Amino acid sequence: MGGNSGQADLHTYKSLAEVSPLGSVEPPKRPRSRLIMHSMAMFGREFCYAVEAAYVTPVLLSVGLPKSLYSMVWLLSPILGFVLQPVVGSASDHCRSRWGRRRPYILTLGLMMLLGLALYLNGDAVVSALIANPRRKLVWAISVTMIGVVLFDFAADFIDGPIKAYLFDVCSHRDKERGLHYHAFFTGFGGALGYTLGAIDWAHLELGRVLGTEFQVMFFFSSLMLTLCFTIHLCSIPEAPLKDIPPQQAPQDLLLSDGMYEYGSIKKVKNGFVNPELAMQGEKPKNPAEQTRRAMTLKSLLRALVSMPPHYRYLCISHLIGWTAFLSTMLFFTDFMGQIVYHGDPYGAHNSTEFLTYERGVEVGCWGLCINAMFSSFYSYLQKALGSYIGLKGLYFMGYLLFGLGTGFIGLFPNVYSTLVLCSLFGVMSSTLYTVPFNLVAEYHREEEEERQQVPGGGPDSSGRGKGVDCAALTCMVQLAQILVGGGLGLLVNMAGSVVVVVITASTVALIGCCFVALFVRYVD
């Protein structure tokens with residue numbers, strides 16, 4: 001991990017990358033330590049997510065946010081992410097920074113996460129210290145806290161795509177699989193640690209008294225963890241900058257120098273990198289990377305996404321189904337524990353037995369989410385062994401099936417102990433969603449690269465889709481699922497009059513997803 005080894009690694013990677021501007025060169029094998037360092041971003045991100053899950057509702061309640069604005073807080077971030085995610089994914093595909101294509105975006109989004117944490121955990125305290133007028137203080141406290149929550153959610157949701165694309169860029173196919181398993185492992189581990197720290201009553205401990213409130217304590221831990229983890233991540237694996245192919249190495253010149261085609265040949269090269277008309281006129285084609293970059297507009301990007309191959313589209317739909325089922329349970333689970341399992345009343349007087357019982361159920365629900373996160377880490381390690389026997393199709397199907405059966409059992413037979421035990425199946429689904437779809441994207445990319453290499457002169461994909469766009473398209477499904485859940489489940493609960501409908505809906509959607517991943521998703525042999 002020393003500086004010299006990092007420079008040597010970068011030199012090796014650049015040398016390999018410059019062997020052939022048209023071919024796809026397999027990156028060198030990455031040591032386990034580098035892949036673990038790369039996974040630290042997922043650890044820090046999920047740790048902060050868990051802190052948000054534990055504290056965002058108390059924070060919003062403490063600043064006096066009106067109920068009419070709750071839906072705006074939860075829907076604004078995924079709507080922005082759904083619209084902008086592919087644009088940033090495409091921009092990172094064509095980024096010319098010396099630091100690489102993905103890391104500038106990861107650093108920017110990491111700083112946005114840190115700023116969001118600072119605003120929603122400390123906004124009320126800062127506004128109270130600066131503004132004395134009660135009315136103005138209320139307005140500013142609500143505004144700053146809302147901006148912080150939306151900014152954090154937006155950046156934390158957004159950052160997953162560039163992190164996955166960064167892994168795909170710098171790793172061989174085998175290392176991509178290993179890296180995704182490490183990502184899932186540290187995602188679960190970070191979530192478990194975040195939920196555990198969030199469950200501690202810091203107000204009665206010395207650290208809480210020193211820093212002021214439990215919100216400041218959690219900001220201290222979250223900011224420290226986020227800064228440390230992202231620093232390690234950004235220094236993990238050198239990323240070669242995207243360079244234009246020099247004019248003297250234009251594709252037609254390379255073809256002519258190899259003696260494969262005679263000057264003026266009108267032989268069509270796959271992906272259109274040699275223009276027959278230019279070849280007949282004796283002119284050199286423009287740099288394909290520059291052509292793609294200039295042509296990349298929002299309109300052409302949307303066209304590239306709409307015209308993506310059917311197997312990518314089906315994978316996105318299956319990802320949407322999975323995340324819709326998973327988020328339906330996660331967002332309402334603590335409320336389900338308090339109301340249905342413990343028979344508490346969230347609308348009762350704060351000193352009433354019903355309200356205190358509800359709060360106890362919410363606390364136990366937090367421990368259930370902690371079990372989910374810990375089992376997600378364990379299962380991500382178990383996936384390696386299972387994958388060799390049942391393959392990606394078996395892993396994908398089993399994740400949806402176990403989650404569907406588990407949530408259905410919880411909804412039909414609510415019990416404290418059985419519900420906590422079945423929380424482990426949530427971890428199976430979580431690990432599946434973080435690994436299998438991206439493994440399939442890596443398989444699709446490898447297949448496409450092999451096909452291009454078999455065609456003389458085959459070069460990078462000029463359709464406008466790159467690894468960043470494909471990873472962003474998958475991540476967009478998470479935002480779309482948030483929009484569907486945030487906009488639809490509240491209405492469904494009001495119509496049914498019970499939170500039980502949430503887990504039953506999640507079970508039904510997951511079982512539909514089982515059929516979809518078995519019948520429509522394509523798996524590479």
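First residue shown is number 1, and so on along the chain.
Cβ atoms here come from the backbone N, Cα and C positions, even for glycine.
Annotated features in TrEMBL:
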TRANSMEM  71-92  transmembrane segment
TRANSMEM  104-132  transmembrane segment
TRANSMEM  138-159  transmembrane segment
TRANSMEM  180-203  transmembrane segment
TRANSMEM  215-235  transmembrane segment
TRANSMEM  320-342  transmembrane segment
TRANSMEM  362-382  transmembrane segment
TRANSMEM  394-413  transmembrane segment
TRANSMEM  419-442  transmembrane segment
TRANSMEM  471-493  transmembrane segment
TRANSMEM  499-521  transmembrane segment
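Only residues 6 or more beyond the boundaries of the transmembrane segment (362-382), in the same chain, are considered here, and those with a CB under 8 A from a CB of the stretch are 46, 50, 53-54, 181-182, 184-192, 194-196, 198-199, 330, 333-338, 341-342, 416, 419-420, 423-428, 430-431, 434-435. Taking Cβ pairs closer than 8 Å, the transmembrane segment (394-413) reaches residues 318, 322, 325-326, 329, 383, 386-387, 419, 422, 425-426, 428-429, 431-433, 435-437, 500, 503-504, 506-511, 513-514, 517-518, 521 in its own chain, all 6 or more past its ends. The stretch from 104-132, 215-235, 320-342, 419-442, 471-493 that makes the most Cβ contacts under 8 Å with the transmembrane segment (71-92) is 471-493. Long-range contacts of the transmembrane segment (138-159) within the same chain, counting only residues at least 6 positions beyond its ends with a Cβ under 8 Å from a Cβ of the stretch, are 41, 45, 48-49, 52, 56, 59-60, 63-66, 69, 72-73, 76-78, 80-81, 84-85, 88, 106, 109-110, 112-113, 115-121, 123-124, 126-128, 131, 475, 478-479, 482.
Simply put, out of 104-132, 320-342, 471-493, 104-132 has the most Cβ pairs sitting under 8 Å from the transmembrane segment (215-235). Sequence-distant contacts of the transmembrane segment (471-493) (same chain, six or more residues past either end, CB-CB distance under 8 Å): 71, 74-75, 77-79, 81-82, 85-86, 88-90, 157-158, 160-162, 164-165, 168, 305, 308, 312, 315-317, 319-320, 323-324, 326-328, 331-332, 437-438, 441, 499, 501-502, 505. Residues 41, 45, 48, 51-52, 55-56, 59, 62-63, 88, 91-92, 95, 97, 140-141, 144-145, 147-156, 158-159, 162-163, 166, 212-213, 215-216, 218-219, 222-223, 226-227, 230, 233-234 of the same chain, all 6+ positions outside the transmembrane segment (104-132), place their C-beta atoms under 8 angstroms from a C-beta of that stretch.
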